[in-house]
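Q: Can you read through this structure? Questions will come right after.
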Amino acid sequence: SVGFKAGVKDYKLTYYTPDYETKDTDILAAFRVTPQPGVPPEEAGAAVAAESSTGTWTTVWTDGLTSLDRYKGRCYGIEPVPGEESQFIAYVAYPLDLFEEGSVTNMFTSIVGNVFGFKALRALRLEDLRIPTAYVKTFQGPPHGIQVERDKLNKYGRPLLGCTIKPKLGLSAKNYGRAVYECLRGGLDFTKDDENVNSQPFMRWRDRFLFCAEALYKAQAETGEIKGHYLNATAGTCEEMMKRAIFARELGVPIVMHDYLTGGFTANTSLAHYCRDNGLLLHIHRAMHAVIDRQKNHGIHFRVLAKALRMSGGDHIHSGTVVGKLEGERDITLGFVDLLRDDFIEKDRSRGIYFTQDWVSLPGVLPVASGGIHVWHMPALTEIFGDDSVLQFGGGTLGHPWGNAPGAVANRVALEACVQARNEGRDLAVEGNEIIREATKWSPELAAACEVWKEIKFEFQAVDTI
């Protein structure tokens, strides 16, 4: 029998290996698989492993020139999803050699590049990834991380406060700078470019950078605190993005910003390297994430996108609020918040964490809570997110009836009151409203804010839990 055995064969013969013992160097993936009717789970799980590693639909002559056993992905476990008839979790192990070092782009191209359009599957969702320590070590990660950021800003023992400047489109650069100054003067640590503020006809990036830098130096001089404004460097080309980051550094500002999903991982990693080399903090916005992560049965869970960002690099990332206007289930959100901040995270399925993850001292990322939050949420946010977080109130600052600076004062007073109460041992979950009410006696600005937002609620069930 000369030649090789041509023809199509079942994936599960080669790629379903329930006895496989995973290696410490393997990248492990947990997929939520919904096969087409009539496709057995083992075949669907094996198909995912094959299509995202070495496999193709038929045996090929060149298979004989390589060691499949060394390079193939393996589906090593399958478990049903409780309460879902046609879904199950497929665990796949990928050998480390399949991936380029230090490239989040290549990791995603390999693992999720092709397989999501596969006909034998009705739907597919990547729920979690275990990044082996050997692979983590090929990434620089966040430019600075939580501790270095606190040291640079000289702010300890409390969450940081931010605010997105609104209206997000249409202000001139000078008026935009005015809004920044008022917020920072009132007591915020940071203000933020909206994610879609790049360089539009009504406000070119260079003008905005200049006026925002002026605003933050003025506010710094007045308050004696270090201030920052996230200057959005996101652009149409990598070269233009770097040009903006370089200009920000020349102005001496502390932090720039990037939209990492629309800008892309390659651009983001370049920017993160530049930021570490030049002492800039990097704020990351997750615009477009819901396109990828909102469906329960198809796409990629945000915890995977968050892990990828920690590898690619960013010092802050938006991560939902649990209490505001956007998605976020408490336990699940706290699961990926810990994945961003902590060095070692134990497997915990109740929090959606499928694998134990060791980050081997890669710097941590500050989670940013923003979206429909206001002073009444402060106790809950302080309790849920703890000190290592950035709380961002856009409308919750600028919507204050007396203006931006009093809005900033109200948020700062509310935050300081919550932190003090917590440090005195009071239970924020139980006494939160009372703590805010007490603080209004000392702050007319806070009293006015409490009056405006006392009835606001965003009560809808989270979509990805329905």
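Note: Cβ is positioned from N, Cα and C throughout, glycine not excepted.
Summarising the annotation, Swiss-Prot assigns active site, proton acceptor to K166, H285 and lists sequence analysis as the type of evidence. Look at Swiss-Prot and you will find K192 tagged as N6-carboxylysine. Residues or ranges marked as Mg(2+) binding site by Swiss-Prot: K192, D194, E195. Sequence annotations record features per position, and here Swiss-Prot assigns site 'Transition state stabilizer' to K325.
How buried are the listed features, and what sits near them?
A: The C-beta environment of K166 (active site, proton acceptor), restricted to residues of the same chain at least 6 apart in sequence and closer than 8 Å, consists of D194, G394, G395, L398.
DSSP assigns K192 (N6-carboxylysine) to a strand segment in the three-state reduction. If you draw a 10 Å sphere around the CB of K192 (N6-carboxylysine), it holds 29 other CB atoms from the protein chains shown.
Long-range neighbours of H285 (active site, proton acceptor) (same chain, six or more residues apart, CB within less than 8 Å of its CB): E195, N232, M257, H258, D259, Y260, I317, H318. Classification of H285 (active site, proton acceptor) by DSSP places it within a strand.
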Q: How many other Cβ atoms are found within 10 Å of the Cβ atom of D194 (Mg(2+) binding site), counting all protein chains shown?
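A: Cβ-Cβ neighbours of D194 (Mg(2+) binding site) within 10 Å number 18.
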Q: For Mg(2+), what surrounds K192, D194, E195 with a Cβ no more than 8 Å from their Cβ centroid?
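A: Nearby residues not in the site list: T164, I165, K168, D193, N196, V197, Y230, N232, M257, H285.
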Q: On the three-state reduction of DSSP, what should I expect for K166 (active site, proton acceptor)?
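A: Reduced to three states, the DSSP call for K166 (active site, proton acceptor) is coil.
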